[in-house]
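Colleague: OK, Swiss-Prot features for this one:
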ACT_SITE  181  active site, proton donor/acceptor
BINDING   23, 25, 181, 186  Mg(2+) 2 binding site
BINDING   23  Mg(2+) 1 binding site
DOMAIN    20-194  domain 'Exonuclease'
SITE      29  site 'Important for substrate binding and specificity'
SITE      77  site 'Important for substrate binding and specificity'
SITE      124  site 'Important for substrate binding and specificity'
SITE      146  site 'Important for substrate binding and specificity'
């Protein structure tokens, strides 16, 4: 039975970074002006054999920030009605405060130094997360300000697919198109996909042992 030593840790595998899968649904493409409407986050953990798997899940429907723009075509695309009281939406600050608290604890528990966002077409999700963090002025944002793991790029390399649906199906992960464009569902599939990509590389012998001294902060 493999021991969970320095090799079989998130810290060692990702160079001190704590990966968190994020998916957002928005009211447009401009993170500075268009509303963030939904966010889901899934933390990851590594077992004693070094296999990556999902851990905790968070999900929030979010109230449009004051003065934000709601692009009609975006709302049609994701099917979100921002005025629906059954969304039980919270403010950006409430959502990010809880998310950042959980992530900070995960960083501490796994002896990492910073979180890194994992997403499909990560630049989009990262831009909205950073914009919301700047608006809410929450101190100590745990996420790296520019580095990400993009499962679209990784899937293109490993699977020859860049669309989330096609990448999941190619990787043997079921995908229900009727549930797509929900932040929670897409985050769950993206997390499964990222774990499969990392674990597949390990199965192929692509992940070699490292020493503690080789792990440096950015």
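Glycine is no exception: its Cβ is also placed from the backbone N, Cα and C atoms.
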Colleague: Per DSSP, to which secondary structure element type does residue 77 (site 'Important for substrate binding and specificity') belong, with helix, strand and coil as the options?
Modeller: helix
Colleague: By a simple count, how many Cβ atoms lie within 10 Å of the Cβ of residue 29 (site 'Important for substrate binding and specificity'), its own Cβ left out?
Modeller: 12
Colleague: Compare the C-alpha of residue 77 (site 'Important for substrate binding and specificity') with the C-alpha of each of the recorded positions 23, 181, 186, and give the closest one.
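Modeller: For residue 77 (site 'Important for substrate binding and specificity'), the spatially nearest of the recorded positions is 181.
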Colleague: Per residue, counting other C-beta atoms within 10 angstroms of the C-beta, which of the recorded sites 77, 124, 146 reaches the highest number?
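Modeller: Most Cβ neighbours within 10 Å: 124.
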Colleague: I'd like to confirm something. Which of the recorded positions, 23, 181, 186, has a Cα closest to the Cα of residue 146 (site 'Important for substrate binding and specificity')?
Modeller: 23
Colleague: Of the recorded positions listed here (23, 181, 186), which is spatially closest to residue 124 (site 'Important for substrate binding and specificity') when Cα positions are compared?
Modeller: 23
Colleague: Going by DSSP, is residue 25 (Mg(2+) 2 binding site) part of a helix, a strand, or coil?
Modeller: strand
